[in-house]
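Have a look at the structure below before the remarks.
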């Protein structure tokens, strides 16, 4: 009997081994399905060839204006001793974030407008998602810091020089980047662990949360709620907190001189305009249930293209100190260039 059992085992073992090899475990099957999608197809803003050419020129100009405007602010603030206050330190930081934020998406989107095949690899899509929420998260916190700085400068000017020293400003900026990183990491991990087994078509010009949730081949209800809590709720609470702080600032202007009121009003108006431009699309896109709408593309354009382009214009339009510093700096540069050309 023992001999028969051993013989049967000898015969069946190779067969069982082959079956095990051919039949993947549930875990192996999950990983296979998860890795089915290696790239995503981006539909972009329009499928019309003529419309794509118009958009190519438009967004190329917007991107160039964004880069030049924000770099102009950064260079002017760094080179001008008169712009050494915390407000200008944070403004230069905001311009830097806007520059890298726009650069993370604009070049690919502009190139895709003239490309027949608009695809992005899975890894590239995840990198795009991470950068989107890293820069957006850092900007949200930085706008809060800028509101606090305006509160200190207008409501408690004697304490500002002590409280908002350079070390504190650097720590606040570092906190903004760390906060943006942690927020982005959470959103990234929520998406990265989802299985994507097809389809792979994203109706947008970049990879974002809800279009990706829509493509996941699993129930994403809980994941969607978690993302709302981590993204949309934070945006909404922060937005109304900033508006409330500016309400307090405007109320305190009753005791200011006429010139002080005018200067404070223009400073606050510029910042509130930037806050509204940034937070309204942010709240619309992320503080809602897991769903997508046709207007999402327009809101994403405002968030990633229009706001970074308008920020330099908004902050310099009514800012006499910035305009004066720019004139002095660039007249000096032109004068030096003229002397160099004359002697050469």
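From the backbone N, Cα and C atoms, a Cβ is placed for every residue, glycine too.
The shown structure was predicted, so the numbers you read here are calculated from the model rather than taken from an experiment.
The stretch that Swiss-Prot tags with transmembrane segment, taken from the ranges 20-41, 86-107, is 86-107. Membrane topology of residue 296 relative to residue 318, as recorded in Swiss-Prot: opposite sides. Ranges compared are 195-217, 264-286, and Swiss-Prot records transmembrane segment for 264-286. Swiss-Prot lists transmembrane segment for one of the ranges 168-186, 320-338, namely 168-186. In this structure, the glycosylation sites under consideration are 36, 290, and the one with the smallest number of other Cβ atoms within 10 Å of its Cβ is 36. Of all the disulfide-bonded residues listed (125, 217), 217 has the fewest other CB atoms within 10 A of its CB.
By the count of Cβ pairs under 8 Å, the stretch nearest in packing to the transmembrane segment (224-247) among 54-77, 86-107, 129-148, 264-286, 298-317 is 264-286. DSSP classifies residue 125 (disulfide bond) as helix under the three-state reduction.
Tertiary proximity for the transmembrane segment (86-107) is limited to same-chain residues at least six positions away from its ends with a CB under 8 Å from its CB atoms, namely 59, 62-63, 66-67, 69-71, 73-74, 77-78, 128, 131-132, 135-136, 138-139, 142-143, 145-146, 149-150, 153, 160, 164, 166, 169, 172-173, 176, 205-206, 267, 274, 304-305, 307-309, 311-312, 315, 322. Most Cβ pairs under 8 A with the transmembrane segment (54-77) among the ranges 129-148, 168-186, 264-286, 298-317 are made by 298-317. In this structure the C-alpha atoms belonging to residue 36 (N-linked glycosylation site) and residue 125 (disulfide bond) are separated by 15 Å.
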